[in-house]
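Feature annotations, courtesy of Swiss-Prot:
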BINDING   ASP11, GLU13, ASP215  Mg(2+) binding site
BINDING   SER155, SER156, LYS189  substrate binding site
Amino acid sequence: MTPNIHTVILDIEGTTTPISFVHDVLFPYIRDNLVRHINQKWGSEELKQDIKELYKLYLEDNKASELVVNNQFNTPEILNPDDESTDKEKLIESVIRNVIYQMDNDRKSTPLKQLQGHMWLEGYENELVKGVVFPEVPKAFENWNLNHIDIYIYSSGSIAAQKLLFNYSNFGSLLPYIKGHFDTTIGGKLHPSSYEKILSTINNGSPNSYLFVTDSILEAKAARESGLNVCLSIRDGNPPIVDRELLNTFDQVSSFDQLFNKFNFKN
């Protein structure tokens, strides 16, 4: 018998949002506007803090590469922003090299996310960027809210970035529908303990009254191990899931509309 679901936890990339959005819209926006952003914001406390955090990360990487054999980060040097003798243009060039290097290597460091978050906020507010969700997502959110089903987001993107995407979506602000957000500060998405922490934080009944929807079979496996109901999002453009045997042990949908035929949403 299918249990009643009263809490839905959603991934973003490949689930609520085309997986291409981040790589085709958000990341290119950073690359295209990084020089302008740094020059326009130069001297602001926000940018000073962003650069300080990037510099601290560079020092940590440099120290780690010296201490650990064959663990060379090769992170490009950032000049000391607190050294008054540092040439402004050379400092800017070093920051740009470092940021682009991290993005080229798909690094998800906290300082990089912080800078990106500030840039995306500016982009969204000035309508240079608009969040994208699949067409049926707003209706699903509305249906869940009407039936008193709580909606949470759990994504590797920062909570700030999550809120921007849903607040400035192509269907208007969807934030009022969402009760809460989680990112990797609560734990990695491949670890069952992360989902257990989320359950403990929400604290709204037994694990089998929750549904987690994701496009990642490894995330699905981790969530299931923590007791959640899980459904895989199989969307056009998502990376193919190679392990067909494991895939077939999960419910699968290609649209949120299909979730309402597979699960009982009742609170």
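Here, residue 1 is simply the first one shown, and the rest follow in order.
Any Cβ shown, glycine's included, is placed from N, Cα and C.
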Remaining residues near the recorded Mg(2+) site, that is with C-beta within 8 Å of the centroid of the site residues ASP11, GLU13, ASP215: ILE12, GLY14, THR15, THR16, THR17, ILE19, SER155, THR214, SER216, GLU219, SER233, ASN238
Inter-residue C-alpha distance, LYS189 (substrate binding site) and ASP11 (Mg(2+) binding site) (nearest angstrom): 10
Cα-Cα distance linking GLU13 (Mg(2+) binding site) and SER155 (substrate binding site), given in Å to the nearest integer: 8
Remaining residues near the recorded substrate site, that is with C-beta within 8 Å of the centroid of the site residues SER155, SER156, LYS189: ASP11, ILE12, GLU13, TYR154, GLY157, ASP183, THR184, GLU219
Least Cβ-crowded entry, counting other Cβ within 10 Å, from the binding-site residues listed as SER155, SER156: SER156
Cβ neighbour count within 10 Å of GLU13 (Mg(2+) binding site): 21
Length of the line joining the Cα atoms of ASP215 (Mg(2+) binding site) and SER156 (substrate binding site), in Å: 13
